[in-house]
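Features reported for this protein in TrEMBL:
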BINDING   A:ARG42  L-glutamate binding site
BINDING   A:TRP101, A:THR151, A:ASP175, A:GLN198, A:ASN240, A:THR241  pyridoxal 5'-phosphate binding site
DOMAIN    A:5-356  domain 'Aminotransferase class V'
MOD_RES   A:LYS199  N6-(pyridoxal phosphate)lysine
Number of protein chains: 2
Amino acid sequence: MTRPYNFSAGPAAIPEEVLQQAAAEMLDWQGSGMGVMEMSHRGKEFISIYEAAEADLRSLLAVPANFKILFMQGGGLAENAIVPLNLSQGGAVDFVVTGSWSQKSFKEAGKYASNRLAASGEASNFTSVPDAASWKLGSDAAYVHLCSNETIHGVEFQQLPDLKALGCNAPLVIDFSSHVASRPVDWSRVGLAFGGAQKNIGPAGLTIVIVREDLLGRALPVCPTAFDYKTVADNQSMFNTPPTWGIYMAGLTFQWLQRQTEGSLTGVAAMEARNIAKAELLYGYIDASQLYVNKVDKAYRSRMNVPFLLRDESRNDAFLAGAKARGLLQLKGHKSVGGMRASIYNAMPLAGVQALVDYMREFERTSA
Amino acid sequence: MTRPYNFSAGPAAIPEEVLQQAAAEMLDWQGSGMGVMEMSHRGKEFISIYEAAEADLRSLLAVPANFKILFMQGGGLAENAIVPLNLSQGGAVDFVVTGSWSQKSFKEAGKYASNRLAASGEASNFTSVPDAASWKLGSDAAYVHLCSNETIHGVEFQQLPDLKALGCNAPLVIDFSSHVASRPVDWSRVGLAFGGAQKNIGPAGLTIVIVREDLLGRALPVCPTAFDYKTVADNQSMFNTPPTWGIYMAGLTFQWLQRQTEGSLTGVAAMEARNIAKAELLYGYIDASQLYVNKVDKAYRSRMNVPFLLRDESRNDAFLAGAKARGLLQLKGHKSVGGMRASIYNAMPLAGVQALVDYMREFERTSA
């Protein structure tokens, strides 16, 4: 039987092969006599799982050697505090606000730093992003924060800004929760990237932080030791007991990513090609339809999260009911935006997007 | 085939029935078409999992209605900061230090509060606990902290102190990570209890906090919002995305606990009876042997974590190798104490302890 297609914004679909392997190894991981959840995090079995996950992620994302990869807890919302606790030194931080998530980050940072609004997409109702040349970046900023893919508003940076070219020497911090591993990252433009795992990487409860080494060791005295990046890095993410199951699932997902190919491409490059094809199929259909609309500036449309409205909102419930009956799950939009949202992360195959488009076309034709 | 007996101190053994159910539901939870890790935490499927877990834990531990149950992240070590961030109000906190874990709590709290040593078992090398009547409790303490079961030193409070009877009106905070759900809790003596899940409840990455309602709303301004107990409570543990898989696994474990019986006892009472029998078997054998020794004061011996030394330490490696060959796993002691440690949490059956005692007897007889 084919599984339904799950368009949840997160926690989100996980590749079936990954789930099958996790189920098969549940009671006995590779002859150890223990399931992964039952292992000491300091034993050789789990250390091997951890080291493989770290190395595979480093390889997949081409993370340079002068960046540390940390496996933490608390998700993006906790990082909204943990980042300024670690990097602000109580000074000023410049925020580029492009939707709900960067707005939350901006607000939380005010507890620890002078949070300044460098730019905001609010005037466009977060359907576009102010041009980087217009951002007000202070020379004294401890860092510049942006959310490189806004899960709710469906706004994505197609390339990261070159802060140096903008005359700013501060490190760039990106929240890449909802598009990590969907496309390459230009690390030459990044000081720190963080993301909850529950979109493209694994289960909720695991947070990925990738941080340039020279940014370690700046934590405020009130930073909890368990969330001090330097402490976490110095202890190979095992100062406190790490979320071992999440790391294991992430590791299986990384192995799955490595097996993916599109033509001559593999890994994240293959995923990017597939994600472009998926996004073009869905946006192309929406733009050509009479019933559906996506209002985001084409230059900033997210490949991962596609919010769309029905021009006739009275048909929303019928749309969702019909979708569910066809095995197209979790398409309801976020309450702050309304309408629908199709999250088409790495685990969503092109066939799933095609099934959605086929249903949308049928619904438009038959329900008019 | 019988699974090996896993004596890990944590992450620790999980009941086989729980693992089997988790494996069976991995790709499709109860006909939803989604695995639990793939569900939106705000969807009706996961909400039903969350609500059942919360209600079952409340019932199992007889948590009064004026306490909130929070599902958080970061484990006990993060709570060492999160508790004083929430409860100290920057004032004084009295610590009863009885081993490694309360020592860590004491140290971390110094970032946020005036941390005072009310009592310490260090003079006994943490093999005993100073009598409560001797504790130096200040009238101005924001709270009193103790670790009700020290995982490394194997020291357990057989009953919680009655602070009021000691003339102290401060709330008692207990770190019950490593014996939660192994015995009842006297909530009349407790203001807040916290614990990582990875001993008796489920996978690492889930933290349980049970807090009296009148203690909410006291957080310091620098407390990260995601770790402010009031915010967490007001949002049913979903201010940030909760560790959904951990909550699901905890819920399955709670259902397993409800099914356990010993004579006319069920649930935690049954577990307590079983845990007493397991501990008596193991300590009884150790005390009667010539080779093995446990140095902890009998009044404070842990039912969960039984550290023991071989009087001839040159035999340690042979002991561990023989144990592993017999399917008795993860018996090596913590590096700070040395020797061996048998963690015999709820998921360890009496037959597992019997198998360990049988092996210990055989090893003593044949290797002398």
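Cβ coordinates come from backbone N, Cα and C, glycine included.
A map of TrEMBL features onto the structure.
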residue	record	Cβ contacts under 8 Å, 6 or more apart
A:ARG42	L-glutamate binding site	A:MET238
A:TRP101	pyridoxal 5'-phosphate binding site	A:GLY76, A:CYS147, A:GLU150, A:THR151, A:ILE152, A:ASP175, A:SER177
A:GLN198	pyridoxal 5'-phosphate binding site	A:GLY10, A:PRO11, A:ALA12, A:GLY75, A:ALA204, A:GLY205, A:LEU206
A:LYS199	N6-(pyridoxal phosphate)lysine	A:ALA9, A:GLY10, A:ALA12, A:THR151, A:SER177, A:SER178, A:HIS179, A:VAL180, A:MET304, A:SER343, A:TYR345
A:ASN240	pyridoxal 5'-phosphate binding site	A:GLN73, A:ALA226
A:THR241	pyridoxal 5'-phosphate binding site	A:HIS41
By a simple count, how many Cβ atoms lie within 10 Å of the Cβ of A:THR151 (pyridoxal 5'-phosphate binding site), its own Cβ left out?
28
So if I draw a 10 Å sphere around the Cβ of A:ASP175 (pyridoxal 5'-phosphate binding site), how many other Cβ atoms end up inside it?
27
Are there recorded positions in A:TRP101, A:LYS199, A:ASN240 whose CB lies under 8 Å from a CB of chain B, and which ones?
A:ASN240
DSSP-derived class (H/G/I helix, E/B strand, else coil) of A:TRP101 (pyridoxal 5'-phosphate binding site)
helix
For the domain 'Aminotransferase class V' (A:5-356), provide the mean pLDDT of the predicted model.
97
